[in-house]
Structure formats: C-alpha cells, structure tokens
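Participant: Here it is, the structure, as structure tokens.
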Amino acid sequence: LETRLYECTECEKTFSNQSVLSLHQRTHTGEKIFKCTECEKSFMKRSQLIVHKKCHIEERPYMCTFCEKGYNQHSKLIEHIRTHTGEKPFTCTECKKSFTKRCNLTEHLRIHTGAKPHKCNLCDKTFHYPSNLVEHQRTHTGDRPFQCTECDKSFIKMSKLMVHLRIHTGEKPYKCSECDKSFSQQSTLVVHQRTHTGERPFQCSHCEKSFSYHYAFVVHERTHTGEKPYKCSMCDKAYSQRSNLKLHQKTHESKPQQDSPNCEKTFEQESAPKTATMDQLHESAGLEKVPELPEATNSVESPEAIDDYEKNYIPWSPLSEYLGVFLPPEKQHKCTECDKCFLEKSKLVVHQRTHTGERPFKCSVCDKTFIRMVHLLEHRKIHDGDRPYTCAECGKSFIRMSKLTVHRRTHTGERPYICAECGKQFSQQSNLVVHQRIH
C-alpha cells in the first residue's frame, strides 16, 4: 500500500501523518500553544517547553569559566561561551557570513533563497523573519508599543524609537569624513555625502535626468505621468507638489468659497490677473518659488546647477524631504543645538526645551512639571480620576491609550518585544530589558 502524504499548502512540504503536518504548519502561522506557567514564554512544541522549564529550576550545573554564568543545558553553555571567544561556526555558503547559532544561519539563508514563510493573515504579505511579521501586523492593529519617555511619541519598531531619542539627547553618531558634519541617522549621512561626491542615483526612465534627492526625482517623474496626488479638500483641485497645494489653499483663506465651473483647472492656469499670481502667493507665504530643474547636456544637471538647486531650494533638513515645502535658509526656524528645522517658531521653542531641560507647565496638585501643556493635561487625569480608555474584555480603565494597549496583551497573549539573541518574546518592553541582561 502506498503511504499517504500530507502536504503543506504554504510551502508544499509533505509529511507522513497529519500530526506532524500540524506541528510544521505552526512555523508558518507562528502559533505557540505550549505556554510556560512560570513566565510569559510560549512554544510550538511540548519538548521545547519541557526544556525551557528547567530555566526556572535553581540548579544550573553548567558554569561558564569566563563569567560564572550558569546554564541548565550543556548546549546553552556552548552557545554562551561563543560570546566570549567570538567563535561563529555556522557559515553561509553563499556569502561567507558566519553565525554563533545554527538557527540564525537558517533564518539568514532565506535572504538568498527568497523564502518568506511568515505570512500576514490580513493582507497576505510574507516575510523572512517572524519578528518582521510582528512589526508589520502593527500597521493593521495600530499598535505602537515603543514609547518615548520624554515626549510620549510612540513607534512600531524599537529602532525607530532609538533614532527618535537622539532628538532629545542631541546625539549624532554618524560623522561625515569630508566636512565633519554629524547626523543622527546613517541614511541622512549617506544622502548628505552626495553633496561631496556629486552622486545622483535617482534616474528618470523617461528622459534620463538624474537626481541626488529622491524627493526631487519623484516630483520630476510627475511631469511625465501627470500624477497629482495632493488634492484640495475645498474644491477638488489637485497638484503634483504639496507646496503648490499649500499655496493654493491660501486662496480659500483670502476669499469666500465659490462653486466654479473651472474647478479642474491646474494651478498654473489660476495665475490669471483675477487671482494672485504664483509669485505673489509664494511671497505672501514666505516661501521661495521652486524653479524648473535646470537643463544641461545629456539631460542631466551639471554639478554646478544641481548644487545651486539643492543649496537654495532643498536646504539640508528633514523639512523639505518630509513636507515637500521649500524654504530658503533665512526663512527656516532652526535649532542651534541639533540643526533640526521647523516651519513655525512656536514648534522650535517647544523643541528647544528638550535641550535646555525647561519644563514650564507645572501641576498645581503635585508640582510635577512638563515640557508641553498637552502632557500636563494628560497628567491631571491622574488627580481628576479621569480614565477614558476602558478595556472591553474586563472593564478596567486607564488614563492613556498606551496603557490600555499594554493591558490588552494580558487578554490577547500578544508579546511584541522580541529578544534578538534567543527569540524570547515579552508583552512589555521593561521585561525584555531585564531579560537581555542574561545575554
């Protein structure tokens, strides 16, 4: 008799019985049904749980001779010793990269094979690593578990929080070797270095013009495609640049809204004498008009021309890249401590408090102080007893949505904080920090 084979619908692997297939499918779904009663960790296999439970037993017979850490498994001790010796015995045959653990090599190999076994059940997107899937799923749930203690801003990834914290600390670890300018992000340094190298990596497939900045490239491509993604909510006009939309919206502020049969005219057509011209609007808004990109031989800007364009119309700050608004340097509100730029002076004043330590908003009940009024108002809820965020599962209520989000994990079992060393997962960031000390 032929042996019946059970096939996985995700990766087409076959198995001799249904139970083994079910066990295998958990590698795709991430399901971990075997939970430790001592801590929050859970496992795909019962055997993994049994091994894990030993870590809660005091007996750790396998001791490290370098640092005296103890382990309940010899294999764990061997893995740990490699952190002292630097040994990486598991080598990728494709790129020769080495790893201390076999499981890390297995995950790395997916980069070469293209295997993405971890699938989102909401949008069918697939990922190489389970941690990437967990991060992606937060785009659906809105969960932002990594919260800044200075300003309460929250993030999907720990790496994003770490970059954000540099705004408060002023740390700029990425230094340009050409001009000694420093940056808080490596990607920002890479883009800055193009001002020295003249590199223009963004090339238009329609006319072969090339650009140093991705934003300039995107805006240019719209001259070919006709795309106008920035739409006015007042009259349905659309523009290829956000700055043009902002300028157009000022025409609604300066005159009553009227229904017009010519609503679909472009902004360039609006510049007739009956309305303000583009130059007048730029002047009234304190903005500098964005010129046409200069023509040059081979349809690529000369180094001098692009240098002039980028220096005068794309000042080096997150401002132009993020908002698409081009401000001349004299119009910017710039922090003297970290070079961050702001559209409004009031925003700069608030930001500078992260450097000076000034906290002008004081609670009249407990004398606690805050950088921003909104933080004081949120704090006052503690004294007022206002807890507007209520758990639908158990009725417990909280002052902040972020606190409710953490609490909900006690019901859902979600553990978004993942240890990069061993894959252990936690429901709270503080628990991950404590755990990481064992590594």
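Just so you know, glycine gets a Cβ as well, placed from its N, Cα and C.
The structure displayed is predicted, hence computed values, not measured ones.
I grabbed these lines from Swiss-Prot:
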- 6-28: zinc finger (ZN_FING)
- 34-56: zinc finger (ZN_FING)
- 62-84: zinc finger (ZN_FING)
- 90-112: zinc finger (ZN_FING)
- 118-140: zinc finger (ZN_FING)
- 146-168: zinc finger (ZN_FING)
- 174-196: zinc finger (ZN_FING)
- 202-224: zinc finger (ZN_FING)
- 230-252: zinc finger (ZN_FING)
- 246-275: region 'Disordered' (REGION)
- 285-304: region 'Disordered' (REGION)
- 333-355: zinc finger (ZN_FING)
- 389-411: zinc finger (ZN_FING)
- 417-439: zinc finger (ZN_FING)
Participant: If you count Cβ pairs under 8 Å, which stretch among 34-56, 62-84, 90-112, 202-224, 333-355 touches the zinc finger (146-168) the most?
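Facilitator: Looking only at 34-56, 62-84, 90-112, 202-224, 333-355, the most contacts with the zinc finger (146-168) come from 333-355.
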Participant: How about long-range neighbours of the zinc finger (34-56): same chain, 6 or more residues beyond its ends, C-beta under 8 Å?
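Facilitator: Counting only partners 6 or more residues beyond its ends, the zinc finger (34-56) has Cβ contacts under 8 Å with 23, 26-27, 72-73, 413, 415, 424-427, 431.
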Participant: With DSSP as the yardstick, break the zinc finger (202-224) down into helix, strand and coil residue counts.
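Facilitator: Helix/strand/coil tally for the zinc finger (202-224): 11 helix, 4 strand, 8 coil.
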Participant: Which whole number is the mean pLDDT over the zinc finger (417-439)?
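Facilitator: A mean pLDDT of 75 is what the model gives the zinc finger (417-439).
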Participant: Using a Cβ cut-off under 8 Å, which residues of the same chain at least 6 positions beyond either end of the zinc finger (6-28) come close to it?
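Facilitator: Same-chain residues near the zinc finger (6-28) but 6 or more away: 44-45, 115, 117-119.
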